[in-house]
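J.: Next up is a structure, given as C-alpha cells.
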Amino acid sequence: MAGTSRHDHEMALKAKRQLSACSDPVEKLRLQCLTRGSSGIKGLSRTFRIMDDNSSRSLDLKEFLKGLSDFGLLLEKEEATQMFQKLDRDGSGAIDLDEFLVALRPPMSKARKQVVLEAFRKLDQTGDGVITVEDLQGVYNAKHHPRYQNGEWTEEQVFRTFLNNFDSPYDKDGKVTKEEFLNYYCGVSASIDSDVYFILMMKNAWKL
C-alpha cells in the first residue's frame, strides 16, 4: 500500500535505536524483527511453521532456539531460554506457536485492529478466511500507488509487489491468511504514531 516502504524504513531505524537500550527478551526479539520491516514478524512465523514438522503448532526449546538461529536473530542462549520459559505458561516444555506470535506482534489499538480486519473481510471476496490472487484482482486498485502514478511501475508490478509483502520468499503460496494480514499490519502500525492517521490510511487504501 502507498507509503509503506517509507514507513518501513523509518520503523527499521526506530527499532534499531530502541534495540540498543532494550533489556526485555521478548521486546528485543520484536525489535530485531521490526528492523527487517513490516514483514519481519511474518518471516519469523514462516520459519517456525516450516520447522513444525509434525504440524503440532507448538515448539519445544530445541526447535525454538534453532528457529531463532535459522532466521538470523541474535539472542544469547540464556536470554532465549528465559523467554521460552516465560512463554511456556503451563510448564509443558513447549510453547504454542500462535500465542508466541501474538505476544511478539507490536501492540495495536482496538480501533486499528478493527479497521485491519474490515480490510481483510473486504479483500476476502470468497469469505473462506484466505486472500488469494483472484480475491485481490477485483478489489486492489493499483492506480493509487505512487510508483504507478509516476510511471515507474505497471499495474501488474504494483500488484505483485503488494502480494510479496505477505508471501515469504521461502514459501510463496499466493495466499494470505488473516494471521499473516494482521502480522503485516502490526508491523506497519508500529511505524505510525497516530491512530487517526493509520485508520485514514487504511480507509483510503482499501476504500472502506
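In case you wondered, yes, glycine gets a Cβ from its N, Cα and C as well.
Feature list, courtesy of TrEMBL:
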| type | residues | note |
| --- | --- | --- |
| DOMAIN | 39-74 | domain 'EF-hand' |
| DOMAIN | 75-110 | domain 'EF-hand' |
| DOMAIN | 111-146 | domain 'EF-hand' |
J.: Using DSSP, what's the helix, strand and coil tally for the domain 'EF-hand' (39-74)?
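T.: Tallying H, G and I as helix, E and B as strand, the rest coil: 22 helix, 3 strand, 11 coil.
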J.: Sort the residues of the domain 'EF-hand' (75-110) into helix, strand and coil with DSSP and give the three counts.
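T.: Summed by class, the stretch gives 20 helix, 3 strand, 13 coil.
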J.: Could you count the residues of the domain 'EF-hand' (111-146) that DSSP puts in helix, in strand and in coil?
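T.: Taking each residue of the domain 'EF-hand' (111-146) in turn, the totals are 22 helix, 3 strand, 11 coil.
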J.: Within the domain 'EF-hand' (111-146) only, compute the mean pLDDT.
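T.: That region's mean pLDDT is 85.
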